[in-house]
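A.B. asks: Can you read through this structure? Questions will come right after.
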Ligand code: AG3
């Protein structure tokens, strides 16, 4: 018998993965959570039928989520991840000499499932510098002023519990929660399937932060593969920041030269964000 998992990448596009084994399914308070073993990409985390990560390509997304903003900042001490309950982004942050890395995840079942099924990511939770809060990230950031050096929003797609994580109000609270040199980044989806989202986030972030920049990475299991990240920075220009002191990072995608080149955008993405 052939078993396949299909993600509806848009209303008219499907991507299917041959499944070796279904390891876990559950309905949490917030979403449907599934963990399967796929033939080509290995173990996969799925939330509400959407691929969140696979063992084969998770390094690309998590390295680019963490290293680009941390290196832009230069010497971050306190870093916050909003979402990212699998621990992948946190694991990458902890490769830097940060003092504290906090993670606020609304669904504690994602954290628990990751501890059981994704030890290579959830090792991050065992680091003494890591602290986890299980609550709504939107309410959480409101309580902080001038506190975090870097804030990373590792959210699901802009549907259901994540809608508020793409709103201007939330970006204002993030701005306040950041220190003077603070840097913020959010995953902002595919420029092919979520063009309006990218445009709207860019416009919201640039109405709040003095510097806004988009960068990309290629992630095979996300719709369209070409993925965007939008950065807001309070002081440092991400395109000319001092990168003479990048720590020695053990990475498989990120390199010091990608720190600069990832901000070089194809013309059609420049066109989307300049509208
Ligand atoms: N965050 C979700 C990225 C969005 C994936 N979208 C999709 N497949 N349609 C990933 C969480 C991993 N830490």
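Note: Cβ is positioned from N, Cα and C throughout, glycine not excepted.
So TrEMBL says this about it:
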DOMAIN    2-234  domain 'PABS'
BINDING   31, 105, 136, 137, 161  S-methyl-5'-thioadenosine binding site
BINDING   62, 86, 154, 155, 156, 157  spermidine binding site
ACT_SITE  154  active site, proton acceptor
A.B. asks: Between the binding-site residues 31, 136, 137, which lies closest to residue 157 (spermidine binding site), Cα to Cα?
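C.D. replies: For residue 157 (spermidine binding site), the spatially nearest of the binding-site residues is 31.
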A.B. asks: Taking ligand 1 as the reference, state which of the binding-site residues 86, 154, 156, 157, 161 have a Cβ closer than 6 Å to one of its atoms.
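C.D. replies: What lies within reach of ligand 1, judged by Cβ under 6 Å, is 86, 154, 156, 157.
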A.B. asks: If you compare CA-to-CA distances from residue 154 (spermidine binding site) to each of the binding-site residues 31, 105, 161, which comes out shortest?
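C.D. replies: Closest by Cα: 105.
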A.B. asks: Looking only at the domain 'PABS' (2-234), what is the mean pLDDT?
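C.D. replies: Over the domain 'PABS' (2-234), the predicted model scores a mean pLDDT of 97.
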A.B. asks: Just counting, how many other CB atoms are there within 10 A of the CB of residue 62 (spermidine binding site)?
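C.D. replies: Other Cβ atoms within 10 Å of residue 62 (spermidine binding site): 26.
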A.B. asks: Closest to residue 161 (S-methyl-5'-thioadenosine binding site): which of the binding-site residues 62, 86, 155, going by Cα position?
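C.D. replies: Nearest in space to residue 161 (S-methyl-5'-thioadenosine binding site), counting only the binding-site residues, is 155.
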A.B. asks: Taking the Cβ of residue 161 (S-methyl-5'-thioadenosine binding site) as the centre, how many other Cβ atoms fall within a 10 Å radius?
C.D. replies: 19
A.B. asks: Other residues near the S-methyl-5'-thioadenosine site, CB within 8 A of the CB centroid of 31, 105, 136, 137, 161?
C.D. replies: 30, 83, 106, 107, 162
A.B. asks: Using DSSP reduced to three states, classify residue 62 (spermidine binding site) as helix, strand or coil.
C.D. replies: helix
A.B. asks: Compute all pairwise C-alpha distances among 31, 105, 136, 137, 161, the residues listed as binding S-methyl-5'-thioadenosine, and give the largest one in whole angstrom.
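C.D. replies: Farthest-apart Cα atoms in 31, 105, 136, 137, 161 are separated by 16 Å.
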